[in-house]
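As given in Swiss-Prot:
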- 9-99: domain 'EH 1' (DOMAIN)
- 41-76: domain 'EF-hand' (DOMAIN)
- D54, D56, D58, N60, E65: Ca(2+) binding site (BINDING)
- 138-226: domain 'EH 2' (DOMAIN)
- 285-401: coiled coil (COILED)
Amino acid sequence: MAPRIEAQEIETYWNIFSTRTNGGKFLNGEQAAPVLKNSGLRDDQLERVWDLADVDNDGNLDFEEFCVAMRVIFDLLNGEYADVPTTLPDWLVPESKAHLVQANRALTGKAVQFEQVEDEDDSPGLKDGFDWYMSPADKAKYEQIYQENRDMRGEVAFSALQDLYESLEVPDTDIRSAWNLINPSAGSSINKDACLAFLHILNNRHEGFRIPRTVPASLRASFERNQIDYQIDSARNNAAAQSRWATRADDETSTGRKAKFGDQYLTRLGRSGFKSAGTDFSSGAKTDAEWEEVRLKKQLAELDEKMAKVEAGVERRKGGQRDSKPALVKRELDQLLDYKRKQLRELEEGGGAAKAGGNLKSVGEDLQTVREQVEGLEGHLRSRQEVLEQLRREIEDERAGR
């Protein structure tokens, strides 16, 4: 299984990166120098590490490129490399920059071609008679796998199918032989037609047939035209193909396993859509939007911490004097309102001053005055309640992470 940068490692790099950039998106040479030199590597090695990690050649390292630089340094220190590698391994190429690496390899002629592996004619259990004919069911399955793994240009890299390789009973040498066979130009990726042919070869090898040594001339020419006659020699081979596919898919035989080619792989994919090669530095890639979400979550956590401190201070103050000024004013107004209502009720019921024989006109005037006072106090109470509610809303907004 290919190496990878684990989530915990990415988190460590993120803490270093965010601290050095103060929340920015890029790390310049001056900011990165203390971190890189702390490794103890020579200056010339660190310069080559920088050039290797700066995939887009903008003179700065974004977070993904910083992860690449740190991982290369750690691999050097741990003895994985004797010296700084001249090119990035495919698994370490940032997913968002894979197209830049592929373009650079194409321009410099550094596209990787696997070592040619000779077929072993004496491989036990393998059969002759590889058939280039693709049944409609097989072709549909190949196209589904292609759709799940193609990049934005409609091409598939060798490493994009790593999970498929692991689900097959096919040696790595045979997989690479098949790749070399349909990729004679040693490109970093192949188009749809070549991908379908590659999957067909793997399917037959999974069934127990030897990898073919050559591609038919007509098929090779159709690769160059980006068109393939998938029914090559179909009239001659159709009857034989039908007899080979006669075994039921659930039979535990080599031909039964053929029908299951890629089924486990596609089930694990769950038709999840485009899946490109490279490392997606989010334990499996974060986009710029996702890293922005990380930054915002960090800021939110800081605001929550500040709010917790403010609330703790409020609670401490409440311990000494429980009532804030708005609450104290509200309580006094409530008490005054209750008193005036009580006076009004006594006057209306003939108690108090009226019972003592007070002047009826005077009582009426007092009653009107009390009513006005009560209305004024109620209006004032409403206004103070609105002010209090506004204060509460502001506190809630601040607490929600404004």
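Glycine too: its Cβ is placed from the backbone N, Cα and C atoms.
On the structure: features taken from Swiss-Prot.
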residue: D54; record: Ca(2+) binding site; DSSP (3 states): coil
residue: N60; record: Ca(2+) binding site; DSSP (3 states): coil
residue: E65; record: Ca(2+) binding site; DSSP (3 states): helix
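Of the listed binding-site residues D54, D56, D58, E65, the Cβ environment within 10 Å is emptiest of other Cβ atoms at D58. The C-beta environment of N60 (Ca(2+) binding site), restricted to residues of the same chain at least 6 apart in sequence and closer than 8 Å, consists of F26, L27, N28, D54.
One way to see the shell of the Ca(2+) site is to take the Cβ centroid of D54, D56, D58, N60, E65; the remaining same-chain residues with a Cβ within 8 Å of it are F26, A53, V55, N57, G59, L61, D62. The average pLDDT computed for the domain 'EH 1' (9-99) is 86. Across the domain 'EH 2' (138-226), the DSSP tally of helix, strand and coil residues reads 57 helix, 5 strand, 27 coil.
Residues 5, 9-10, 13-14, 16-17, 25-29, 32, 83-85, 87-88, 92-94, 96-97, 100-101, 279, 281, 291 of the same chain lie 6 or more positions beyond the ends of the domain 'EF-hand' (41-76) yet place their CB under 8 Å from a CB of it.
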